[in-house]
Amino acid sequence: MAKAEKIKILDCDDNTLMEISKNGLLSLSIAEMRRIQKYFSEIGREPTDLELEMIAQTWSEHCFHKTFKSEIKYTEVLADSIPTTVEIPSLFSLIKAATDTLNKKWCISVFRDNAGIIEFDKSNCICFKVETHNHPSALEPYGGAGTGIGGVIRDILGAGLGAKPILNTDVFCFGPLNISHQEIPEGVFHPKRIFKGVVSGVRDYGNRMGIPTANGAILFDEGYLYNVLVYCGTIGIMPKWAVEKKVKPGHLIVVIGNRTGRDGIHGATFSSASLEKDIPTSVVQIGNPIIEKKVLDALMLARDEKLYSAITDCGAGGLSSAVGELSQDCGAIVHLEKVLLKYPDLKPWEVWISESQERMVLAVPPRNFSRLKEILDSEDVEYACIGNFTSTKKIEIYDEEDLVGNLDLGWIFQKGELPVLEAYFEERKTVPIMPENIDIEEVFLHLISDNVIASKELVVRQYDHEVQAHTVIKPMLGVEGIGPSDAVVLTPLYDSYRGIVVSCGINPWYGMIDPYHMAGCCIDEAMRNIVACGGDPERVSLLDNFCWGNCNDSLELGKLTRCVKGCRDFALEYGAPFISGKDSLNNFFTEQDKTIVSIPGTLLISAISVIKDVRKTMSSDFKSVGNLIYILGETKNELGGSRLFHVLNIEGGCVPKVKPEINLSVMKKLYNAINQGLVRSCHDCSEGGLIITISEMMIGSGYGAEIDIEEIPSDIKDPVAVLFSESQGRFIVEVDESCVDRFEKLFQNLPCACIGRIIPAFHLKVFSGDNQVLSVDGEEIKQKWCGALEW
Amino acid sequence: MVKPIILRTAGTNCDLEIEWACLKAGATPSRVHVSSITSKKVNLLDYDILIIPGGFSYGDDLGAGKVLANEIMLKFGDLIEKFREKERPIIGICNGFQVLVKAKMLPFWNKQTASLVWNDSGRFEDRWVYLRVEKSISPFFRNMPDVVRFPVAHAEGKFILKDGVSLKKLEKNKQIVLRYVDPSGEISSYPYNPNGSISSIAGVCDESGLIVGMMPHPERAVLNVHKPDWLRNNAKDGYYSGFQFLKNVIEYCL
């Protein structure tokens, strides 16, 4: 191994300190560099390169979430009201407050482990984590996305004492696929290349791991041309006894899985900065799913024999982060020369912070080590014991005889003086003008083939969505298996019909107008998707994943703050706690002329509900000719951020605003109706409005529909607005005539109306009283919807 | 008690669901890592049925199933030969089928007459297919409807044969066990034939009928709620045809 070097910082002025930070790709601010300088002058020596790297990694935005932990002075200027300024202890405290207030008994371990853990049944827990892998996927789409999914799977393996992964979810935001090559900025890949690379990366990693990928979303917008977003989620199941981990002094530090190489060096610090042209691709990790599968197989055996007392994954920051976190409350001695390497001559700091994939770190009581070795050998998994935990509250790192790192754990993990951040949000009211004489049929056919709305079958089919044989409501359903599903339903245990329902909600276009209401809409959508499939709205847990632009800009931070406020308020209103979350900030690109291009602030809400019996779930395809079509929820003039406005190129307008009280009442009644067997099919209304919902239900069945929009509960008359409004809290429900009385009785005093009937001809007919508003052949709808997305 | 051995290795994925289905069918299955056989900790001949499940054994590097096929034949081919001589069933599903074909165990013993290659679509695809249960010499397809539905989930599932003579021989010997068809039971094109297999072949057996390989996954069609359309016909309780297949194999050994 090459030798560690001393870096001279004690006598440096601010300029030189910043040069050291910049040249070393450390992404440390001047305040942080001064703090480091002070620490080392107090202990009277210069730091080593390894120590500086470890500090930079630990304090990186990616690992330390400085923005979410900082105090914020937030000024809000809403139209028609006086500006207010409040001091917020931190964004994270807002999210956590909702969970604490709701205090749900099913929340077993939230916001502290590698994943949120909730109760499944008497003896098992479910854990759920969603991560992002945006920067790597922009630079190397296939490898970046693959290691994204590989990384979040390891989060589940490292939650508690490890859970068995049973589901992967994925949500992608790409630039428009049809953009011409001339319009692609320098240093950026064409969205098509990123799209194919990302999908292939997730496919090849997830499929090889034997984990079904069965829920997600794909969005397209010009705002993601520079910075693609790749969200990867994993759900696992674990016995209740495996929830807690405990590191004790004397336990061995055992690294298992892949060897350590130079790949992914500076991943943590690099994802805390903006993207630019000519970033070295060595920052992107290289994945090998088969190694991870071997690790998974071996870990499940070792866990059940209780051979280790704590575990965590090597993710961002590599061994530095994993060993650092595990030893936080005790201490550790590490011998870097014992780490298995892919090739010789790595520098000590490279070994320490490399983000080589498929590695887990275990705390192993010495008496168990020989049995653990037997299992690892029989599963063909490589391992190395690289040191042991101590009670010194220090991390001491040796390279052979050389002490190359010796840091006080209390100091390195202490929240430093974080500056108070300024955030500013100003609501802008716009009154968009709708063009006259809109050709409804033309707009409808345009929308149904809009890539955001159109079928994602092309992608979904490339994922194995039923390996493990748990998947009961699959992503593609109906007569021909081409109808879309709102959520996925799984039975995590063989021999039991108890299940989970998993969904998501995302809509950056609402956020461009008002991030607060975007949060409400995303939560409502995720909840709707759960309920449409028969999930229980009173047993929902949420995950928040924020991807934001340049948060050094008080306007961007203002939008983020307003969004987080929305998350808190609506989580409370819906009674759905957050159990885990992650922020990925600095999703912006610095052009050569130094212009900064931020992504649209994007919130992904993932939701999970536990249900008693999966045989009482529901699908979206129409079931029988002659059955009645109902709409639940009110349709309002809410077209701001809608797909209609996108197609018509109209900016601004009123975004949908959720009415939690009514919407939640509707959801509870619908859950009840599905449980009683009063519902034959159900689909939520989201992007594109109710007419898209009905079309999708037709495609799943091969039957047609005839509806009268005058029957729709609404205060608007314009058929265009009624058909394409994206008001939240709405469902289209199919009811058999024999169940009508019982169904309608359930929804007394709630917005609920029969609007039409299922017809045998595969045709969509829309009337407004006696006038025909729209009449389209089902085959045309199907071809446009199914064939839009191209590989 | 019938004892199936479910052989697994790095990249095996479908072993747990097969284990469960075998248990439900009254057998006492064991999931055994290939290293336990090569190290002689476990004797293959102590078991009644050999099942090679789906997955991506060794990442499908060098072609799907190829590395495991070589490992089996080179490290314990003699045991396999004895297993076969004792007329014990050998079942390969998906990656297991790829292994059996590449180990020259299917469709004719010790002859490479067939292969499983990349789907015509050029991509991995997961979809439920309609399968016609052919009149074959295999005893494992009794008490099943004429047309069943199992899912396929593979990238390299296109069954090809060396020549037309081999196809004639397979047909004459009644070695074709499953064919991809449309809902009415007729041979059809994509997506009903999901990968472009010759003569729409989804599964074959050897000349004894006891070695069977198929691309579709019966172990994912064990319960009625596994079917993608269970809500359309309201058959939510009980077992489906994938279970019947595994039960047939187990009952054959009683």
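For all residues, glycine too, the Cβ spot is worked out from N, Cα and C.
Automatic, uncurated: that is what TrEMBL annotation is.
Just so it is clear, the model here is predicted, and its values are computed rather than measured.
What TrEMBL annotates here:
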type     : residues           : note
ACT_SITE : A:His62            : active site
ACT_SITE : A:His133           : active site, proton acceptor
BINDING  : A:Glu131           : Mg(2+) 1 binding site
BINDING  : A:Asp155, A:Asp313 : Mg(2+) 2 binding site
DOMAIN   : A:17-66            : domain 'Phosphoribosylformylglycinamidine synthase linker'
DOMAIN   : A:113-238          : domain 'PurM-like N-terminal'
DOMAIN   : A:248-398          : domain 'PurM-like C-terminal'
DOMAIN   : A:486-585          : domain 'PurM-like N-terminal'
DOMAIN   : A:625-766          : domain 'PurM-like C-terminal'
The domain 'PurM-like C-terminal' (A:625-766) resolves under DSSP into 53 helix, 33 strand, 56 coil
Per DSSP (helix/strand/coil reduction), the residue listed as 'Mg(2+) 1 binding site' sits in strand
Quick note, the residue listed as 'Mg(2+) 1 binding site': same-chain residues at least 6 apart with CB under 8 Å of its CB -> A:Gly148, A:Gly151, A:Val152, A:Asp155, A:Tyr231, A:Cys232, A:Gly233, A:Asn545, A:Lys582
In this structure, the one of the active-site residues A:His62, A:His133 whose CB has the fewest other CB atoms within 10 Å is A:His62
Taking only the CA atoms, the spacing between A:His62 (active site) and A:His133 (active site, proton acceptor), expressed in whole angstrom, is 11
Secondary structure split (DSSP) over the domain 'PurM-like N-terminal' (A:113-238) reads 48 helix, 42 strand, 36 coil
DSSP assigns the residues of the domain 'PurM-like N-terminal' (A:486-585) as 48 helix, 26 strand, 26 coil
Practice item. May I ask whether the domain 'PurM-like C-terminal' (A:625-766) has at least three C-beta pairs under 8 Å with the domain 'PurM-like C-terminal' (A:248-398), counting pairs 6 or more apart in sequence? Key: no
A:Asp313 (Mg(2+) 2 binding site) sits from A:His133 (active site, proton acceptor) (Cα to Cα, rounded, in Å) at a distance of 16
Note: in the chain of A:Asp313 (Mg(2+) 2 binding site), residues six or more apart in sequence with C-beta under 8 angstroms of its C-beta are A:Asn114, A:Gly151, A:Arg154, A:Asp155, A:Leu157, A:Gly158, A:Ala322, A:Arg359, A:Met360, A:Val361
Rounded mean pLDDT within the domain 'PurM-like N-terminal' (A:113-238) lands at 95
Secondary structure of the domain 'Phosphoribosylformylglycinamidine synthase linker' (A:17-66) by DSSP, residue by residue, totals 36 helix, 1 strand, 13 coil
